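Report on the following structure.
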Amino acid sequence: MTDLAMMPQLLASGIMMGCVYGLLALCFYVVHAGTGIINFAQGDFVVLGLIAIWTCIVAFHMPLLLAIPLTVLATGLTVGLLERLLIAPARSREPSVQLLITLALGILIRGLIQLLWGSQPQSVPSFSGDAPIHLAGAAILPQALWIVGGTMVILAVLHFVFTRTLFGLALRGAAGDREGARVIGLNAGLISFYAFGLSALISGAAAAVIAPVISANPLIGLSLSLKGFAGAILGGIDRPQTAVLGGVFIGILETFVAGLISSDYQNMFVFGVLMLVIVIRPAGLLGKRT
Amino acid sequence: MGKLELGIYLALPVVAGFLLQGNDYALTILAFMLIYGVLAMATTICTGHAGQVTLAQAGFFGIGAYAAVLVTLDLDLPFVFGFIASLVVSGAVGYALGVPILRVKGHFLGLITLAFTQVVYEVALHWESLTGGFNGLFGMTKPVLPIPGIEPLYSFILILTAFWFAVLLAADNLVHSRYGRAMHMLKVTEQGAQACGINVSRYKSDAFALSAALCGGAGAFYGHFIGYIGPDSFTIDVSIAAIAMAIVGGIGDLRGAILGSVLLTFLNEPLRNHPLYQPVMYGAVILLALIVLPEGIVPSVLRIARPRPPA
């Protein structure tokens, strides 16, 4: 196959992975906006969701209509609990301590999953079969439509949260001016709880739709974190829209690099892009100049 | 630190190593404590003292190890040249990397330095002609002193202790010098430092490059001690261990870095035989320590031991 003929195929796969990275970038935005923390355990939240959806679909043979909400709920509740126990006590500590706490939280989640569930990746069946749909020269998995559709639904819900709910407005306000938010009496502890909870709900939903593609792999967390973070920085972590677009771009970029050059150096490529953005435009390609 | 206190720190590994001669397992653990001690002190300088959060230590540790091993294996030179090469190469990479990435702060810097460690891993894995790829490099021997009557492993511990103590002495002097106080100002208030006429970006790069060079030196000792290096020797776990030791022991406190490296190496030893429980226990201990002793072990204990006089 010539390089040109591969384009539609690569673009289709890239958009699929990009949706996942976009949602992860959004999680980074939510937690950072609410607390100022960059959550190193972010990818492991998604892994929690992957394990939950595997449990629901493969172990208990639940219908999708039950499995997806349960996955989202389970991830959200687990993370909410962890936030109260471990993150909340460190809210006003210096950055290196908060960083070590989310790092250690990631290690703990990964370790617990390996201990209780095993470390071998387990496959999750596709939601609606594996017969590819041929479209414009690309073979698209039906699951890709679930992923893109799921992302659209999540973004629509979040748009509502950010623009219509008190929490969303408070979160965006806190992101803009943390000191000011405290002065007008926003409860920083509550915002932190909701921010981590919301990021976990998004992670759970993303995990549910992506599980058939990347399978329930307990060790994938760190790599997901890095890609999502790269997306958030690339687009600009100050606004949700730019963070998501950055994530989508990283997905497309990664797929093209893997398809046209080599998949050996994927992380290096993402890192190179990060460095470039930091040097040229620290606020992100789409971010506001500061 | 006073002269007596420093003397005690120097005497501890020398005497412990002497008494443990014959017990290779215990001497190996002691060597790991010293190697990780250097990594933890390097992290204390960069993160605890100058406030630049870093997870790049494993990357520099690896770069130093490869540089040293290539010099001793391929050029057939003695260990001391490999050691110097490790300091120079890691320090230079640290300086070159520091200039662009130190524009970002806090958690962002943490994630970017973590990405750097991942890149070093990938390069070590795929640049086979230089690094031996997945199989790594092996065949190097540890440096020993030709002193009659002592074991070779103990004489290696003596050389390693010399490096470890030099790092401690230099770091202690740095922290209390005018130069080091300027570095500390970066952590306390960057704008304030700028207002005082401190060249912020230069001091940041210096702190980062210095800690990178020290990690590289530790890597040179590690590679020649184990006799094998490969990509898996330099994963992100090493960076996490380094920052965990520095912070759990006491943020910005060199005594804390030493205590942290001793305690966490000691804790990790029985866990290594139970790989299934290792990550859970490790993560749980770090989290517990951070929540129970918010400032790290040494400052918290000192506060209890030496209550402030009433105003």
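In case you wondered, yes, glycine gets a Cβ from its N, Cα and C as well.
Sequence-distant contacts of the transmembrane segment (B:25-46) (same chain, at least 6 residues past either end, Cβ-Cβ under 8 Å): 13, 16-17, 52, 54, 57, 61, 153-154, 156-157, 160-161, 163-164, 167-168, 171, 174-175, 207-208, 210-212, 214-215, 217-218, 221-222, 225, 238, 241-243, 245-246, 249, 252-254, 256-258, 260-262, 264-266, 269. Residues or ranges marked as transmembrane segment in TrEMBL: B:25-46 (among others).
Note on the transmembrane segment (B:53-73): residues 39, 42-43, 46-47, 79, 81-83, 85-90, 93-94, 97, 105-107, 109-111, 113-114, 116-117, 119-121, 124, 130-131, 137, 139-140, 208, 211-213, 215-220, 222-224, 229, 231, 233-240, 242-243 of its chain, located 6 or more positions outside it, place their CB under 8 angstroms from a CB of the stretch. According to TrEMBL, the feature transmembrane segment maps to B:53-73 (among others).
A Cβ distance under 8 Å defines the sequence-distant neighbours of the transmembrane segment (B:79-101), meaning residues of its chain 6+ beyond its ends; these are 56, 60, 63-65, 67-72, 109, 112-113, 116, 142-143, 163, 201, 204-205, 208-217, 219-221, 224. Annotated transmembrane segment per TrEMBL: B:79-101 (among others), in sequence order.
Through the fold, the transmembrane segment (B:108-127) approaches residues 52-59, 62-63, 66, 97, 101-102, 133-134, 230-231, 234-236, 239 of its own chain, all at least 6 residues removed from its boundaries and within a Cβ separation under 8 Å. Taken from TrEMBL, the feature transmembrane segment applies to B:108-127 (among others).
For B:153-175 (among others), the entry in TrEMBL reads transmembrane segment.
Outside the transmembrane segment (B:207-229) by six or more residues, the chain places 31, 35-36, 38-39, 41-43, 45-46, 49-50, 52, 54, 56-57, 60-69, 72, 79, 82-83, 85-95, 97-98, 102, 136-143, 156, 160, 163, 167, 183, 186, 242 with a CB less than 8 A from a CB of the stretch. Sequence annotations record features per position, and here TrEMBL assigns transmembrane segment to B:207-229 (among others).
Here TrEMBL flags B:241-267 (among others) as transmembrane segment.
Residues or ranges marked as transmembrane segment in TrEMBL: B:279-302 (among others).
Outside the transmembrane segment (B:279-302), and at least 6 residues removed from its termini, the chain residues within Cβ reach (under 8 Å) are 244, 247-251, 253, 255-256, 259-260, 263-264, 267-268, 271.
Residues 1, 6, 9-10, 13-14, 17-18, 20-21, 24, 27-28, 30-31, 34-35, 37-38, 41-42, 44-45, 49, 83, 142-145, 147, 183-184, 214, 217, 221, 225, 254, 258 of the same chain lie 6 or more positions beyond the ends of the transmembrane segment (B:153-175) yet place their CB under 8 Å from a CB of it.
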